Amino acid sequence: MSGYQGGHHDQYDQGYGQAGHGDGYYQDDQYYDQGHGDHAAQGDHAAQGDHGAQGTQGDGYYDESGYYHADANNPYHQDGGYYDGHDQYQDDYYNNNQGYYDGEYNQGYAQGGRHPSEEESETFSDFTMRSDMARAAEMDYYGRGDEQYNGYGEGGRGYRPPSSQLSYGGNRSSGASTPNYGMEYGNGLASQRSKEPYPAWTSDAQIPLSKEEIEDIFLDLTSKFGFQRDSMRNMYDHLMTLLDSRASRMTPNQALLSLHADYIGGDNANYRKWYFAAHLDLDDAVGFANASTKNRKRKAKKGKKKGGEAGNEAETLQELEGDDSLEAAEYRWKTRMNRMSQYDRVRQIALYLLCWGEANQVRFMPECLCFIFKCADDYLNSPACQALVEPVEEFTFLNNVITPLYQYCRDQGYEILNGVYVRRERDHKHIIGYDDCNQLFWYPEGIERIVLEDKSKLVDLPPAERYLKLKEVNWKKCFFKTYKESRSWFHLLLNFNRIWVIHLTMFWFYTSHNAPSLITYQYEQQKDNQPPASKQFSIVGFGGAIASLIQIFATLAEWVYVPRRWAGAQHLTKRLLFLIVILVLNVAPGVKVFMFHGNKDGKDADQKNKDTPIDKAIGIVHFVIAVFTFLFFSVMPLGGLLGSYLTKKSRRYVASQTFTASYPRLTGNDMAMSFGLWLTVFGAKFGESYVYLTLSFRDPIRYLSIMKIDCLGDAMFGSTAATQQILCKHQPTIVLILMTFTDLIFFFLDTYLFYVILNTVFSIARSFYIGSSIWTPWRNIFSRLPKRIYSKVLATTDMEIKYKPKVLISQVWNAIVISMYREHLLAIDHVQKLLYHQVPSEQEGKRTLRAPTFFVSQEDHSFKTEFFPSHSEAERRISFFAQSLSTPIPEPVPVDNMPTFTVMIPHYSEKILLSLREIIREDEPYSRVTLLEYLKQLHPHEWECFVKDTKILADETAQMNGEPEKSEKDTAKSKIDDLPFYCIGFKSSAPEYTLRTRIWASLRSQTLYRTVSGFMNYSRAIKLLYRVENPEVVQMFGGNSEKLERELERMARRKFKLVVSMQRYSKFKKEEMENAEFLLRAYPDLQIAYLDEEPPLAEGEEPRLYSALIDGHSELMENGMRRPKFRVQLSGNPVLGDGKSDNQNHAIIFYRGEYIQLIDANQDNYLEECLKIRSVLAEFEEMKPDNHSPYTPGVKNDVHTPVAILGAREYIFSENIGILGDVAAGKEQTFGTLFARTMAQVGGKLHYGHPDFLNGIFMTTRGGVSKAQKGLHLNEDIFAGMNALVRGGRIKHCEYYQCGKGRDLGFGSILNFTTKIGTGMGEQWLSREYYYLGTQLPLDRFLSFYYAHAGFHVNNMFIMLSVQSFMLTLMSIGALRHETIRCDYNPQKPITDPLYPTKCSNTDELMGWVYRCIISIFFVFFISFVPLIVQELTERGVWRAALRFIKQFCSLSPFFEVFVCQIYANSVQSDLAFGGARYIGTGRGFATARIPFGVLYSRFAGQSIYFGARLLMMLLFATSTAWQPALTYFWIVLLGLIISPFLYNPHQFAWTDFFIDYRDFLRWLSRGNSRAHASSWIMFCRLSRTRITGYKRKVMGDASAKMSADVPRAAVANIFLTEILTPLLLAATTTVAYLFVNAQTGVTDNDKNSSSSPGFKIGPSGALIRLAVVAFAPIGINAGVLAAMFGMACCMGPVLNMCCKKFGPVLAGIAHGAAAVFMIIFFEVMYVLEGFNFARALAGIIAAMCIQRFIFKLIVSLALTREFKTDQSNIAFWNGKWYSMGWHSVSQPAREFLCKITELSMFSADFILGHWILFMMAPLILIPQIDKIHSMMLFWLLPSRQIRPPIYSMKQSKLRRRRVIRFAILYFVLFIIFLALVVAPGVIGKKFLGDTIFKALDNGNGGPANLHLLQPWGLDNNNTEGKTETGTKAGGADASATDASKLRLF
């Protein structure tokens, strides 16, 4: 250290006057020439102080070869120098001894006279800071006032940031903010360029500390704390890059000050916020023990002067003594920060960075890190630390402070089993995760919990002594859960309580108002008598009680989820009492009105329906209270009820406010738009819902409430008629309940519908407003493009030498065109037409530039193919570039002043570069095409360009090798010779040719090479811009292009870094390693961060892991690896979560600069987009330095909320690959662009990963760029967005910049992605972030947040719930319609007209309701297309939009939409119930392979196929009982749920493949019973069971044990809800409908004679017994068969197995086959017992199926113990070898017997259902050429360009043909049998078998044992009385038809 021991900084304050450092404080002769100030003594040349032994040339940082001197005094001597010879940090260009840097580096300054003031010059810009502003009141705003230099401002000259760019003019002062280094062109000093690694931080730039001094600080801290050497070097470089980046656009003093403000002391610094939140100001003042933390006020006690003058600081501080308010604390803080020297500021930042750089997982806990830093800082300033002489051992900090915390976090999720870490079977609510640990440090009560091993508290020690005691802390005693992420649906109630309040209450208001017939005493239809007004008001008023109940339940849920012991938990008792009072207020008036009504003792109905004035008044008051309750609870966040975080008075909850509720406020237009959006959404919704849903529901309510059913009931319900008829009499009520529930769901769906529509409208309006739409300035997008390039892409204001704009534009435009040519997007003739050309000018000897006609001619026709192929990638890119420049874009700053940024790409095992084998060989066994063939079909034009290019290259090579020119004759031959080029892209197998083909294919697939090459365009863009904007640089190097290129590279390297985090790099296989090496050679500046592993030092310890960094300049070592530049040891394996976030976290320490762009390994970028980078970074609003010090005490700074994340657009480059790619692309397009546009405006956008830019300091000081708890943070990036939002960061969206992004293209991989998103959303609902946002955001922001994220998934669940509840309702309505006599109903007549025939049931009105429901569901699904069509319209025009829509429809995408909706809904539901959310690696390849039927079936059966099949049977019943044409749409929806996976399977309907696949399916069903088979039905069955049972933990080391990750057993409450209650409700509803169909409604004694059975006795039927027989008999029979098989297996198995290997499978086959046969038999039995009535039989089958499902769910949920991971018990059951299972052979047989009972029935179901699905495809496979049509639909390839069928050998072909014939015969035979079983009984049963069966089963007394097994048939069910008049028949009643009955949509 340079003399700073003991903290004496006088030398520092005197201008760094240490001996040996001759540089004065400021040495910039440009500002201080001889005429000004006393500093002229430094003469024309700045003093070349002698820096110790470090040489006298330059600053002595690097010697001539660019290396740091490794001398004996250097503490790094043993390491071989700062950047030792091998691992040189600067690039190799500095080491090539070509005389580039050999000349003496002389810091000569311009020898000219004084320079004109910058403020007078024309280039005075916002970046120029006026010096008189800087020295207001003789106080330096950038640190302390330097008394010595107070007079330096007289010249009135502003300060321009220095820069790396030298100015090469003599006497000049304008320029791109550059000091003058004064080399005239003729000086011959061109080679003496700055060797500075950090050019803006050099001694010429008035820097407060030189980089050597900063390095000394790092060395000193490292020796005092024991940080790692490599980590220190890494963090030193990190800090210097930050200072260099900031100092390139502001003064170095400002740069350092702003950096310190961002990290430590400013208003937005997380450390400062934490310091006050955790009351550490009090701890520092009086100690926690003496501070009463309970009732601190925020405000100062005495009214303070708002801002003391600087001089009064001491006085003000004295006044504030003893005042512990927040204001006083903040004043003291600012004073302390203001007095701090720049040296101390650097030291604090350095200490923070060193702690952060080694913090590993602790980086996920930002406040824990703040605490560690605070302890370290207190220790650093203590005398004990300053007195240290011996350096502390390396790794001390890591081992003592970080590792114990790391181990605690790891042990929460993992335990050691047999020496290996195994995941614990714990769910989130039992894991103390990163957030729980972090929240310990939010409150003083938490910090007080930190105890040492000796049980003393850490806070009892003085602050300076705490750091050394951290190693003794017993962390296990400190941490506890601060929020329980239990799997429960109540999270939705708590987090989104306002959604439920708004919808349920409004629904109640609407529906209760429209149900007068339910509350009228003795309602009569022909009178239409109304209830008293009091009751009408009061019934509506009960809505307030619903709102209050929701709030009460939400509060109780909060009680459960937020442990009371956490200091941040709100006090809920007061709130609960308040809510109970509100509930009583909302119920009491209604109780009076309904139970103690004034006229309740009236004589007749009319009297009782009259009102008293008091009742009426009470009713109105009740209604008014309800409305106010509703409004209050809708608007008020739950967290804001009665004293909470949201009250600003007390300091009690500052932490929760700071870290969970610091939302950036919306202002101005944004706020207006937010309110406007939600007012229009809910205005439209409430209007439409009232008219369409509720008003039209009025008539069904009326008719169902008066419907009377005469039925005989069921004999099983008792002996009296009343009990027997109990269910069937109430069928109308049951239907009404079901209809109301369905209506309620539609009420929710409506809102989302309007949100989508209006969001789209607002978004489009905004796109017109900013000009990003194709329609806005359409006429001049291209003609103005050159001008826009000049004004928006180039920073020309500061240019030294003024050129004509055309010269500059032409360079940029030509570069873009040539880059497209190089990527083979344009052919050479296109390029010629697009380039600017030099042509001879009219003036003699001069040349001029001719612009391409493209810019003009584009206006005549929208696109001409003469410039580029239509619909090509080139056209898309150029038109987006042109369009984007027509939008408002921030002005770019010169390259020199732009901030440094890093692109970060996490990589796990994604393809780096495709191998030749992958490209030209059919890899998939089921694929029909090579990848190259497929790519050639997709990009024909680009392939042609590539081939031409390759041929030119080959010809050139041939000529160079001296081959003769070709003659005429050869030309014909060469065409044949060229075939290989067109076929595979090369003729010679030399690596340079094959590599070209590999690269071409890789650049069109989803590979890391594509991503890296795309994002390396930033480097090209920076070089291009620097060259174009600084022509003097080009002139200076004259013709030496090599040196010029180096200079440009230096600039690019300084401003941009690309880090790929290759987690597995050190474990790569040979091929992967070669590919990575190829990347490094192609892009030497690419940096790769990876995990390096070393064996443990001692036996039994853990291996040591390191974060290492290499780049293309790193030296290759003997083992083939490269020598890392930095290698930082970690506490252990950093991958504790799902992987991606841990991967990002370990590499984050290697990011450089101010911003990070996070990129996935399947993205792409383009040169023209990279040119806009300066404007994109300007969106962070940090380009212009703030001229006020953040540390002036008493001055309130305007705290502007920092921009944390900037989202960008994505273009999905897989959109032209076929229907699925297009649908996926469309989804992303609308979500990522259309909705992001409005959501960012109204503050509802979060962070979705991909091309988003992050504010580095903001995010890294708040927990990093993603969260990482396993499972919980599955969608890791969105949590970073929520974290940024709740902590006060803004999230913006950038409209004019877009990256490419790949999306998965196969059906399976798209649905994997869907499942991942769905389960991830389930996890988000459990998370604390959702709780904070849901209970604290203001209403408009809350709605934006909800509908943009959770609402989408809730809506999907509601859609599927609505489909299911609608089908159940429809089944009940069908039953009602089937059994009752319809009325002659005319909706146009008055409702008081009598309905005929008398006693009829008006079910026609119900059919109107059914029609409206179908229309609603149609719109709900259709709406998903609207945003995409509108987006296409605005961005690409009418024709393209229409084309895309037609293509999607013809490709049957509506089927796919329905299916995806179900997958979303299912994955969210199953995650909330069972957990198991995990990262699913989604496929990156092309889906051209056919997937076997069995695989598809097993993948989607549980998620969708079973669900669809159940509903389809209900729909079949509805079709046969309540048909109307609109039901056709439902057939489409439900078929979509079943057949989508097969419909989107490539070549599914190819004749041969179909039958080969059928054979596979039969094998899949039967295998796995003799030895374990991963792809078998039994494995699928067991796997679907395990999510309920869980696995046994004991590992038996069997191969079949690896079938799945550990699945924890689901919670009992969740199992009850999803596995027991839901199936029970389903079984009950279907059973009720079945019983009603059999209840003999309207049967009278007159029917005796009409019965087809003589001797028939009228009476209740035995439908329940019939149902029980059909439901339970198959189970009983299966159990019997199994018992017999089990006996045989045990007795004969062990013996027979020796000779008959197939004994087990044969037994299994017999049992399974018998089960399937019995199931079919009992279907027929039901048919017979129902008298061959199809509808009744079907109702019975549906009910029996639901009952069986319920029984099996009960067995699996309650009776089964955990599953073995191996398949042993299943195999043992069939072959009898139980002895191999040890002790388990006692318990397992019984368990396995229960399993087998369920399995047999499930097998039968799968066998029958699988066959029916295959039979559905029969009509399709018979269509000729179906495969071609199907492929056109899937891949959008014309028949001429389609993929050829695979080629088989003769032997294979014969074998396939034989198999096809065999299995085709089997298929069609089974098809005929199945059809016969369904159709025959209905056709011939009644005719031939009727009487025989009747006599056999029913001898006139109800059959055997009087069971009434047979349903009577032939009865006419008609007890109506024609036109007999009934009731009052109020003649001439003037009641008109209600509005509702007139409602028809079409």
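Note that Cβ sites are derived from N, Cα and C of the backbone, with glycine treated the same way.
Annotation comment: Swiss-Prot describes 24-34, 43-60, 91-109, 1925-1940 as compositional bias 'Low complexity'. The annotation compositional bias 'Polar residues' is assigned in Swiss-Prot to 165-180. Residues or ranges marked as N-linked glycosylation site by Swiss-Prot on the basis of sequence analysis: N171, N290, N1017, N1312, N1649, N1918. For 1-127, 152-198, 297-316, 1920-1946, the entry in Swiss-Prot reads region 'Disordered'. According to Swiss-Prot, the transmembrane segment annotation covers 489-509, 537-557, 576-596, 618-638, 675-695, 734-754, 1356-1376, 1413-1433, 1667-1687, 1703-1723, 1803-1823, 1864-1884 (among others).
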Can you tell me which of 489-509, 734-754, 1667-1687, 1803-1823 gets the most C-beta pairs within less than 8 Å of the transmembrane segment (1413-1433)?
734-754
N1312 (N-linked glycosylation site) CB neighbourhood, other CB atoms within 10 A
18
Segment proximity, the transmembrane segment (618-638) to the transmembrane segment (734-754), 3 or more C-beta pairs under 8 Å
no
Per the Cβ filter (under 8 Å) with a sequence gap of at least 6 from its ends, the transmembrane segment (1356-1376) is approached by 731-732, 734-735, 738-739, 741-742, 745-746, 748-749, 1401, 1403, 1406-1407, 1410, 1413, 1416-1417, 1420-1421, 1461-1462, 1464-1466, 1468-1469, 1507, 1511, 1514-1515, 1517-1518, 1520-1522, 1533-1534, 1626, 1629-1630, 1632-1634, 1636-1637, 1735, 1739, 1742
Looking only at DSSP and grouping its letters into three states, which state does N1918 (N-linked glycosylation site) belong to?
coil
Can you check what DSSP calls N1017 (N-linked glycosylation site), collapsed to helix, strand or coil?
helix
